[in-house]
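Colleague: One structure follows; several queries about it will come next.
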Amino acid sequence: MSFTWQNQSEGASGGRGLDGQSGYNTGAATGGGATAGDPAEDENCPICMDKCTNKKQLKCTHEFCAECLEKSTQVIGPTCPVCKDIFGLIEGDQPDGEMKWTCFPSPLPGFPDCGSITIYYNIQSGVQTKKHSNPGKHYYGLTRTAYLPDNKEGNEVLKLLKKAFDQRLIFTVGTSRTTGKDNQVTWNDIHHKTNMTGGAAGFGYPDDRYLGRVKEELKAKGIV
């Protein structure tokens, strides 16, 4: 039996696109696609509503002032303010930690034809940074265990979860939903099966829609 480790440390990559590109074009838009209304209004930045200055066009073809887009990205991340298309790498505020996993022959309920994958997370305690709600204050770490079926789709989800972990998106620092205590490391809206049994209500299996749901949650954070 062997473990696979994924260590995480400070120094993640900058805002490059998911395909290695920056996610936008500089300069005038290409092509036609006229819409009804005043053509001059079509050239306005959707954020400031004035004529675009140093225009930048995203892959989704929406155009903005360079300064407006930069300010928007600082607030909502690399997401188009108009259509919500993700044009860059989303990086969260997850503290340093470790992710490892291993495979077992025992099946999960609902997946009788394959073994199971057990994921182990370990996030250390530390001091909050300017990315967190209470910079300078201590936060309390945690350990968590989660389960996936060891089949094609389960391994696909595992790969996506690893990518999300690398981008610091699995956990955040805030108020615990179970204890109500503040300054805790908590899940960051990517649901995990923390029990092998118990069904959907018990955060376990069987739950035949879980893998599809978690892929949609990951996609919403740019993890594809």
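From the backbone N, Cα and C atoms, a Cβ is placed for every residue, glycine too.
The structure displayed is predicted, hence computed values, not measured ones.
Annotation source TrEMBL lists region 'Disordered' at 1-38. Residues annotated as compositional bias 'Polar residues' in TrEMBL: 1-11. As annotated by TrEMBL, domain 'RING-type' applies to 45-84.
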Colleague: With DSSP as the yardstick, break the domain 'RING-type' (45-84) down into helix, strand and coil residue counts.
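Modeller: Helix/strand/coil tally for the domain 'RING-type' (45-84): 11 helix, 9 strand, 20 coil.
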Colleague: So what's the mean pLDDT when you look at the domain 'RING-type' (45-84)?
Modeller: 90
